[in-house]
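Per TrEMBL, these features apply:
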TRANSMEM  12-37  transmembrane segment
TRANSMEM  57-78  transmembrane segment
TRANSMEM  149-174  transmembrane segment
TRANSMEM  217-240  transmembrane segment
TRANSMEM  252-274  transmembrane segment
TRANSMEM  295-315  transmembrane segment
TRANSMEM  321-340  transmembrane segment
TRANSMEM  383-400  transmembrane segment
Amino acid sequence: MDSLMRRFGWFVLGVIAAGLMAGVAGGATAVVLKAIQHVTFGYWSGTLLDGISATTAWRRVAGPVVGGALAGAGWWWLRGRQQLIPLTATIERGEPVATGPRAADSSLQILLVGTGASLGREGAAREFAAVAADLVLRRIPLAESDIRVLLASAAGAGLGAVYNVPLAGALFTVQLLLRSWRPREVLTATLTSVLAVVAASPVVGDRPTFVWPGADLTAEVAVVAPAAVAASMVLGVAFARLMSHVQRQPVSGWWLIPALTGAGALTGISALWFPELPGNGKSIIAESLGGGGPLLTVLAVALLKPVLTAIHLRAGAVGGLITPALATGAAFGAAVAILADHWTGWDINPAAVALLAAAAFLGFSQRAPLFAAVFAWELAHPPPTFLCALALITMVGYAVQAGVPVLRRHGICGHFAIRRRSH
């Protein structure tokens, strides 16, 4: 009994340590990323989109180019000394986190995203959180199985902290890292994520990432949204397959430098016409929720965002795919709403359709409909009525996932089967 109580006490201490370290890591990621963005694009207040829109043309191009060259050189040096396996696989196998190399890898991710690369910052936040937690947890007398759960919880909490989404951070842990719904894992992930969000709040803030424009679920939205959501599910699968394909044989060796420099140049040139494109996709989501803009612009952004993300991955970059997927889905949903409004004259607010399409797109690209629905809701805090719509999307997502193996056995829908991949 005494040994069980001691183990429980050490585990509780581990939860507190993992949550606090994940919060520090998430907050630090947000601060460093913003500082790099300010220096790169020469602005000192406002959003990234404001800064890029106001900066000079040469700076829009030079920033991603220089960032790509520096990150390419860094990865060439780092990967020549140690090959890192994805964090998900590291946690699953119970292997050491390799704190030094992984921290360096995460720093290069932040450098690349901060200078405009079309990748998510959440990958770096998760890895920084796992590294920070590992440094503390290894000094506490914990069983290896407990450390594995706590490291996974810290990684998910890092995502929760950097976006102020505690429930989504916990769901990321249980759905995509631990893949377990046992009460102990769920409670640990939830407590760790909540602690991390609280710890990061002095830096990240305690408000939703996006301002909801006041749109509600109207009859017109109920007519248009199902088509946008259904198409987003299919497109989310296509997004996942594209990203999986380009990551199979990424550029390596010294070719990383010219490849990532070229990817940065393409991003910078695209930003001359579409300043929403650089970065993780936050600008695109904000624009989609705010009305979207001209139809051709929204369609171009929805097409170019995944293309630029794929180019960066093929060029050898590492980064998050959650926000690029969410941004692509949001832009597509906004485009559908704008087009429907043009055809029908119904005065449809694009924000409602954009949010639902984004959740569907992300849910199918990550094979995690519940995580995607909660993540989308926590980012913007729309009215409670959206919870019903998001719940319906979640149920449809799980129904489709359950049906795909059956259909594949009969030779149907094999093209749309989503393979598990590293996150």
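Keep in mind that glycine also has a Cβ here, set from the backbone N, Cα and C atoms.
Heads up, TrEMBL stuff is auto-annotated, nobody curated it.
Tertiary neighbourhood of the transmembrane segment (149-174): same-chain residues 11, 14-15, 18-19, 21-23, 25-27, 29-30, 87, 91, 97, 121-122, 125-130, 132-134, 137, 142, 180-181, 184-186, 188-190, 192-197, 199-201, 204-209, 322, 368, 370-371, 374-375, 378-379, selected by CB-CB distance under 8 Å and a gap of 6+ residues from either end.
The transmembrane segment (252-274) makes no contact with the transmembrane segment (321-340): fewer than 3 of their CB pairs lie within 8 A, with pairs spaced 6 or more apart in sequence. Contact count against the transmembrane segment (217-240) (Cβ pairs under 8 Å) is highest for 321-340, out of 12-37, 57-78, 295-315, 321-340. Beyond the ends of the transmembrane segment (12-37), by six or more residues, the same chain brings 43, 48, 51, 110-111, 113-115, 121, 124-125, 128-129, 131-133, 135-137, 140, 142, 146-147, 150-151, 153-155, 157-162, 188, 191-200, 202-204, 279 to within a C-beta distance below 8 angstroms of the stretch.
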